[in-house]
Amino acid sequence: MDSSGDEVAAGAGAGAAGTKKKPPVAAKGKAAGKGKAAGSKASASAKESSLLKQKSPAEFFAENKNIAGFDNPGKSLYTTMRELVENALDSAESISELPDIEITIEEITKSKFNTMIGLVDRERVDEALYDDFESEKAREKRLAKEARFQETQAKNAALGKKVKEAPAVRGKGRGEAAFFKVTCKDNGRGMPHDDIPNMLGRVLSGTKYGLRQTRGKFGLGAKMALIWSKMSTGLPIEIRSSMKGQTYVSFCRLDIDIHKNVPHVHLHEKRENKTHWHGAEIQVIIEGNWTTHRSKILHYMRQMAVITPYAQFLFRFLSDAADKSLTIKFARRTDVMPPVPLQTKHHPSAVDLLLIKRLIAETTKQNLLQFLQHEFVNISKSHAERLIGEMGPDFSPKMTVKSLTSQQLVRIHQLFRQAKFDDPSGNCLSPAGEYNLRLGIIKELHPDMVATHASSPQVFEGHPFIVEAGISIGGKDVKQGINVFRFANRIPLLFEQGADVITRTAAKRINWNSYKINQHQDKIGVFVSIVSTKIPFKGTGKEYIGDDITEISSAVKSALKQCCLQLKSKIVKKLQARERQDRKRNLNRYIPDVARAIMETLVEVADESPPKRPRYDKEDEELLEKINSQEVTEMTFKDCLTQHVEQVDYEMALDYAMQSGVSEEPREAIYLSSLEGSYKFVDFQSPVFVFRFIP
């Protein structure tokens, strides 16, 4: 075994000695194999890394347009109009200018649209290629069905039965696309010339970010309309803008590079401002559907006129068909505007770890004590010192806030969640006001009676909110039953009504009968407006407020109950007044019969022979003498009884008024035009009137 082992070893050695160049070749081959494996791993890794892609914000919203309310052409037309109107309101209110807004939706036919983009119309060559093609067999089947229907209707007409209208024939296809030019013009702040491209052509960039009450839901505004325009028509939007005091009007035509989320400017220039106009005018051409969302658009405008009676809206729909065109003007009813919402600081109980890190990165304060005092609300110097002492020995008031470790930040966050803080005030909020809400309801609905109530500021999850409510009875264009009008940060909410806290509260948590209101027969308008620095919307479309926040649902219920109590008092007074009128009417009905009976009785007594003993006192004898002399007649008794009924009715009404503390019926609200010219004034507001003091 040893010899064989030696031979093998010797052979191996001889082989190695005889072929000196082979081992390096083998080694090289082995090394090459390793290199090949390493190269394949690198290429696989590169291939995997190439699978990772990024999307710009514009690309994300373009692919998920339903999140922003662009579910279909009809909803897209509605959302585009709504976004432009709300931007216009914000712009005018930011400079305390009474909003004057013009909205125009112009229908563009397919042939006109093709002419605009330089496309020549072509007639169909292969009819069967189209989705709305009807085969011969399907046509025969449809005609046979129509013939049977007409035959049945003829028989019903002969028998005197009700004749139904022929059902509308609907094609199988999706139909031709409809295009609309949407234009919104306002008298607001306008936009700086150099900022226009980024303000409208870059998604998630704007002036409304920060902790404040805002109308926007996503910070998209007209940008999403631009994206939808690019997706549906490929046409750019046009903007005209001028700020106060500018001698020029900025004109910009642009679209958006969706993949890069940057504006693509076609034309950007300054033009002469001959009329000294200030504001903005945005024009966009999109695909839409006016037929399906006409009622929603008009309903939105009507509700916006209710919640903003200090604004004037001119809405126009233009079409080649004259019967489809319409113009509606929602006139201004008051010049009392809500204050501009103020930006506020974060409440400690409402912040998360990420927000704390961002505040530290942006703060200009050097130490922890100053940071706590100035970056959060309701933390005084003494309170901040107590909080720092509670954080532990690793913290001190003078420590640099930028030097805090991740563990220390977690400790601050945990303490914020557990510590007790005063609730934030509602000074930063800007509700519509009871006065404006009442005026808006009266202006648009013309109800028989209305009641309003505004709650004091309340808090949920560290965010202040105010609930304003109004309930109306009767009015024009109001259906029987409960009609709910919902507002969040002074914008109407029209979709997904059934799951909303306002709808559920009005339908299930208010006992209407106990307030003398019939929820099935009376025309009831329920108006609730919620304003907050954070509206707890539910769902991707942010169209309703959830019913899972106890503080909000309780505040809504309380506000509606207060309105119901006011209405109950008015309804009771109305019922009592009606009872008095009925009683007075009934008494007046019997006055002629009673007067005749009294007269006949007294005539009989007067005609009797004089008694031996006096039976009547002196006054009765004088009355009988007047009867005989016809000085007192039946008409005399009628007049006396009528005066007595009037006196009793007046005394009962006066007695009721003294008990209830009301001396007269409420008078109808009037609107007085403001004085011309500019002047300083101070408003003293009440739920039902505003007293303006002009020094």
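Here the Cβ of each residue, glycine as well, is placed from N, Cα and C on the backbone.
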Exercise for the section: Write down the single range among 1-51, 256-306, 511-561, 613-663 that appears in TrEMBL as region 'Disordered'. Expected result: 1-51
Practice task
Can you check which residues sit near Ala222 (ATP binding site), meaning Cβ under 8 Å from its Cβ, same chain, 6 or more apart in sequence, and list them in order?
Solution key: Glu83, Leu84, Asn87, Leu200, Ile237, Ile282, Val284
Problem - Close in space, distant in sequence - Leu220 (ATP binding site), Cβ under 8 Å, 6 or more apart - result: Phe61, Ala68, Glu83, Val203, Leu204
Completion exercise
Densest Cβ environment (other Cβ within 10 Å) across the binding-site residues Asn87, Lys542 belongs to Asn87
